[in-house]
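Annotated features, as they stand in TrEMBL:
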type: DOMAIN; residues: 1-296; note: domain 'Sugar phosphate transporter'
type: TRANSMEM; residues: 32-53; note: transmembrane segment
type: TRANSMEM; residues: 65-85; note: transmembrane segment
type: TRANSMEM; residues: 97-113; note: transmembrane segment
type: TRANSMEM; residues: 120-139; note: transmembrane segment
type: TRANSMEM; residues: 145-162; note: transmembrane segment
type: TRANSMEM; residues: 182-206; note: transmembrane segment
type: TRANSMEM; residues: 226-246; note: transmembrane segment
type: TRANSMEM; residues: 253-273; note: transmembrane segment
type: TRANSMEM; residues: 279-298; note: transmembrane segment
Amino acid sequence: LLCGFWYTTSALSSNTGKTILNQWNHPVTLTIIQFAFVAGYCLLFMSPFIQFAKLRPPTGAILRSTLPMGMFQVGGHMFSSIAISKIPVSTVHTIKALSPLFTVAAYAMLFGVKYSPRTYFSLVPLIIGVMLACTFESASNPTGLLCAFGSALVFVSSNIFFKKIMPSGSQTSSHKLDKLNLLFYSSAMAFALMIPIWCFTDLPLLAADSVQHPTRGHEAPHSIPYYFFMNGTVHFAQNIIAFVILSSTSPVTYSIASLIKRVAVICIAIVWFNQNVHPMQGLGIGMTFLGLYMYNTAKSDVERGENKMRRVEATRDMMLP
């Protein structure tokens, strides 16, 4: 049931964002409003009236630990919004499906992790599938494609950073935050970091041209404020549901759920926007799904490689296992 809600809110988040950007092309503004909605909903659910959790007062340790999260969120979500404004949602998420390739490449080149041939073989259909999907995408835009790749790279870098540079350990246990506090501080930090970027990019455009007209696509059935409210709400929901699923399942189960989510978001986007899919593009998307499935079946090899890397480094640093 939670996975069903997660897939639905993720698809709605991307599709309502695309609908907004079709009518009102300001991706940086969309991103900063998303962060504002997430932080606002966190405050609402931690208010004395609801109080799902208690708001932790900000400390230096909390701010230092959530600042990198905010920085990665700014880069990842801003690239994603720019990509969605220029190319179809299905293409953006197909490119983001290359995350396993970036992860394996980073661990192999930067940390010397050795993977089995099975792991490398699983990346072949993934790479070919994404290439076909992008090559036969009639509405492809170089900037949009680059931003989609940039978003995938930022989120992979974020995962590696928090595993490798900021591992959770006893030294940080006293500063650990619950789900709502963690989501609030990371989103609030991202919102604060977005303010100067927004003032430099979108604010002059909004001041010069306050009334926007549809730039492409058909008229949306609802108003822009309605879509902003819907987008902010489902964006918060997908974040908190992802936290709940991650905390209540094993990493392997979460990985498989994420794979199915990617497939669901791509398929729902194609239906939502009544998108014409070139047969070769459809083959590419299908091969991407196959590559993701093969990578997940080889996930045990990936985990063994990462664990081996951590043991070698622990030995080198004279740390206990």
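Note: Cβ is positioned from N, Cα and C throughout, glycine not excepted.
Only pairs six or more apart in sequence are counted, and the transmembrane segment (65-85) with the transmembrane segment (253-273) gives fewer than three Cβ pairs under 8 Å, not enough to call it a contact. Below 8 angstroms of C-beta separation, residues 90, 94, 97, 100, 116, 118-119, 121-137, 255-256, 259, 262-263, 266 of the same chain, each at least six residues beyond the ends of the transmembrane segment (279-298), sit close to that stretch. When pLDDT values are averaged over the domain 'Sugar phosphate transporter' (1-296), the model yields 85. Sequence-distant contacts of the transmembrane segment (226-246), counting only residues of its own chain at least 6 positions beyond either end whose CB sits under 8 Å from a CB of the stretch, comprise 2-3, 5-6, 9-10, 12-13, 16-17, 19-20, 30, 33-34, 36-38, 40-42, 179-180, 182-183, 220, 254, 257. Under 8 Å from some Cβ of the transmembrane segment (253-273) lie the Cβ atoms of residues 3, 6-7, 10-11, 14-15, 18, 88-90, 93-94, 96-97, 217, 245-246, 285, 289, 292-293, 296, 299, all in the same chain and six or more residues away from its ends.
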